[in-house]
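For reference, the structure is listed below as structure tokens.
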Amino acid sequence: RLHASCGRLTEEEGVEYGGDTLHGPAYGPTSHSTAASSTPSSSSAFRHVVPSRQIVERQPRMLDFRVEYRDRNVDVVLEDSSTVGDIKHILENELQIPATKMLLKGWKTGDVDDSTVLKTLHLPKNNSLYVLTPDLPPPSSSHSGALQESLNQNFMLIVTHREVQREYNLNFSGSSTIQEVKRNVYDLTSIPVRHQLWEGWPPSATDDSMTLAVSGLTFPCHRLTVGRRSSPVQTREQSEEQCTDVHMVSDSDGDDFEDATEFGVDDGEMFGVASSALRKSPMMPENAENEGDALLQFTAEFSSRYGDCHPVYFIGSLEAAFQEAFYGKARDRKLLAIYLHHDESVLTNVFCSQMLCAESIVSYLSQNFITWAWDMTKEANRARFLTMCTRHFGSVVAQTIRTQKTDQFPLFLIIMGKRSSNEVLNVIQGNTTVDELMMRLMAAMEIFSAQQQEDIKDEDEREARENVKREQDEAYRISLEADRAKREAQEREMAEQFRLEQIRKEQEEEREAIRLSLEQSLPPEPKEESTESVSKLRIRTPSGEFFERRFLASSKLQVVFDFVASKGYPWEEYKLLGTFPRRDVTQLDPNKSLLEVKLYPQETLFLEAKE
């Protein structure tokens, strides 16, 4: 039955959902037609979401199983119409173990055989099982190898919380310590380690620092039981808490929520003691200093009350949730859903168990939202959230939430992040249905998607501009590097040329000094009318020039070499060749006279550069 403002639909407009026919608007992709929202807004600070209708056909429900056997994990996906025997047949092919030798463990219920249909077990979407093979011998290995293997193996600890009769399947590596197990159990049960009373640990597990691999636990699965150490004072306090936790709300406004029969429960269940009596601990500690620790307790207590199929609550402060949802890349941003819980509202139990924990709602939230939660039951926690609300959303939104009555809780706030502020798209009260909740979530998602596309376009354009600027900066940097390299190369070339020029000048100066020295050391040229024997030599240079000189026939050949060197042709670089016969005069003994080397009375020689 729909809210009065939505009107009624005919039987032909009913929608089959989860095996029941809901006479109300179905959720799905929206079209251009709209319908009025069933919950009136209490403030102009909120944008009203107007969903549309479309019929959704029921799809077969698929179940995921992670099956562990020794050091192997096998993933199995089946429809809920399959049987336990179907799982064993798949494992028989994967593990090469006969199905008759398998014991498939880890079921939430006790009586399960191969013919049991999975649908009758009311399983969540994701499940963990393990296989035992007591009739098959374990693989043999050395002691050291077995210890190392145990350290690398994963142990499944099935921990039963005695007070609430709830089981937790916890996976730990063999290298984890008993102390780490107890701390993790504290996060789930809120029982401090010093107050934990255990049953099931092996006798060898005498030290909390001992690793699970050497503690004597049964592999791959071991059962443990934990409870809280009790005292007479604690027992009285718990009794008083249970007594004060039972409420009979009689002053609720009839317009604030629908008749309880709309949710499939009768008045006795709605106002009865059964649901309140199960609340053995608060959802969130009062005056919690750390929001992350408070959210850990909230998640653990929510799972304890309503099962494991529930939204994944963000563990951290509200500021951290904003950062996660709004401040990443535009393509990665999500809407923020804030769930405000209140234990004293008569709608809380139905909203959590039938709406918030519906598989379709859980799946849609996990894909498109970051979900954050807070408990408004305690006045201190309520005041703390209102302070956060004023800081992040403004006083109008805070005042709207402050004026909400207890029977209007729980509340579900849909937040969209914008460039300059955070906008509250919708506030969903507890008096709703699964279909209406889904339609509002999808309508909010339409608004967010339109804004996200604009943000993506702006971000892409900004990145394109930044890329162009980076490319220009890089090209400019490369150009500067090339100019600097070119300038340095020119400077090096000029420096090398200058160095070579200096060397050349020094060599020329040295050669000129040697030439002058040789020229000065030459004996004077004899005159033609000299009475002594004179040899007249005519020497041709490589450039074709000739120069002549007279030498005493008794002069040494070295004097001719010195004369040629004084003209700029040192005998180390040039050969002095005779014509007839052709010979290399520089190869002769320089201490012999010209008469002895037959350069008398006259001779024509020519200079040739040595190779």
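Cβ from N, Cα, C; glycine included.
The region 'Disordered' feature in TrEMBL is assigned to 1-48 (among others).
Summarising the annotation, TrEMBL assigns compositional bias 'Low complexity' to 29-45.
Beyond the ends of the region 'Disordered' (452-472), by six or more residues, the same chain brings 329-331, 333 to within a C-beta distance below 8 angstroms of the stretch. According to TrEMBL, the feature region 'Disordered' maps to 452-472 (among others).
For 462-472, the entry in TrEMBL reads compositional bias 'Basic and acidic residues'.
Residues 548-555, 559, 562-563, 565-566, 594-595, 599-603 of the same chain sit 6 or more residues outside the region 'Disordered' (516-536) yet have a Cβ under 8 Å from a Cβ within it. Residues or ranges marked as region 'Disordered' in TrEMBL: 516-536 (among others).
The feature domain 'UBX' is assigned by TrEMBL to 530-607.
Across the domain 'UBX' (530-607), DSSP helix (H, G, I), strand (E, B) and coil residues number 13 helix, 29 strand, 36 coil. Across the domain 'UBX' (530-607), the model assigns an average pLDDT of 90.
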